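Database features (Swiss-Prot):
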BINDING   His24, Ser41, Tyr112, Val113, Asn114, Ser129, His199, Pro200, Glu201, Thr216  iminosuccinate binding site
BINDING   Cys86, Cys173, Cys259  [4Fe-4S] cluster binding site
Amino acid sequence: MKMEELVREIERLKEERNAIIMAHNYQLPEIQDIADFLGDSLELARKAVNVDADVIVFVGVDFMAETAKILNPEKTVLLPTRRATCAMANMLKVEHILKAKEQYPDAPVVLYVNTTAETKAYADVTVTSANAVRIVEKLDSDVIIFGPDKNLASYVAKMTGKKVIPVPEYGHCYVHRQFTLEDVERARKLYPNAKLMVHPECEPEVQERADIIVSTGGMIRRAPEHDEWVVFTEREMVYRLQRLYPDIKFHPAKEDAICIGMKAITLNHIYESLRDMKYEVEVPEDIAEKARRAIERMLEMS
């Protein structure tokens, strides 16, 4: 089936199923073009609370679809392929949290939304890269257990002055970890008039040389501050920014900064998922109830 026909069929099925397509900023351009709502993790979580549809087709990785289901237990949530997983989310296990709580029993557990539903059930509050600093600042504790991204944990510690215990100690996003000081130097030489926008999942030494450190939603909000940027995050964010601001120049810091989990979903997967109503996301209610409290607390504190 040609792309134009595939898009028409997806639109037809959306109407027939009363469905909405929610997609993350890292999705393929052709998916961004058909999404009803595009955003970062925080924006998608907020949107999921007020979705006016019977079916949510979540075009992101599995933990995002789980979050949508947790916030919409009565709706059908579809993840178009089971291969859309997040390696970092799977690094954090319940045992890591319990071990940290033994050592720091009074410390609140703050978990990145990039975690499984099972681990979210042990969180006092969840955060995204967009609101992590603000939420940790509001917590009445100088010691925080934070997982799973060690680089975001380091950034939060630096910005808040609090003691942040990373769980696990090796948690990271492989896409953002690959950005190096050499990439910073190359960007400065290639684009001398550009500023560098860097995601807080990047290594601390890369963050230190950034002009701004922001989530993907923050990149969108702050892009108009300058006329040329080098973007240190997943490659497809450049497409999103360029669509929004055609008069501003955006360059990917690395052409091969690709999230395999995000790229696992194609238009054909979306079509087949809607056609057959397959790959429905389910979260056991006992886990969902506990995780929901942590997510809703995040939304209240944001």
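Cβ atoms are placed via backbone N, Cα and C, with glycine included.
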List, in sequence order, the same-chain residues at least six positions removed whose CB sits under 8 Å from that of Cys86 ([4Fe-4S] cluster binding site)?
Val61, Asp62, Phe63, Asn114, Gly261
So if I draw a 10 Å sphere around the Cβ of Tyr112 (iminosuccinate binding site), how many other Cβ atoms end up inside it?
28
For the iminosuccinate binding site, please report the maximum Cα-Cα distance among His24, Ser41, Tyr112, Val113, Asn114, Ser129, His199, Pro200, Glu201, Thr216 in Å.
17
Measuring Cα to Cα, how many angstrom lie between Cys173 ([4Fe-4S] cluster binding site) and His24 (iminosuccinate binding site)?
16
Going by C-alpha positions, which of the binding-site residues (His24, Tyr112, His199) is nearest Cys259 ([4Fe-4S] cluster binding site)?
His24
Does anything in the same chain, at least 6 positions from Glu201 (iminosuccinate binding site), have a Cβ under 8 Å from its Cβ, and if so what?
Ser129, Asp149, Asn151, Leu152, His172, Cys173, Val175, His176, Arg177, Thr233
Since the record lists His24, Cys173, His199 as binding-site residues, which of them has the fewest other Cβ atoms within 10 Å of its Cβ?
Cys173
Neighbours of the [4Fe-4S] cluster site Cys86, Cys173, Cys259: Cβ within 8 Å of the Cβ centroid, same chain, sequence order.
Val61, Ala87, Met88, Ala89, Asn114, Tyr174, Val175, Glu234, Gly261, Met262
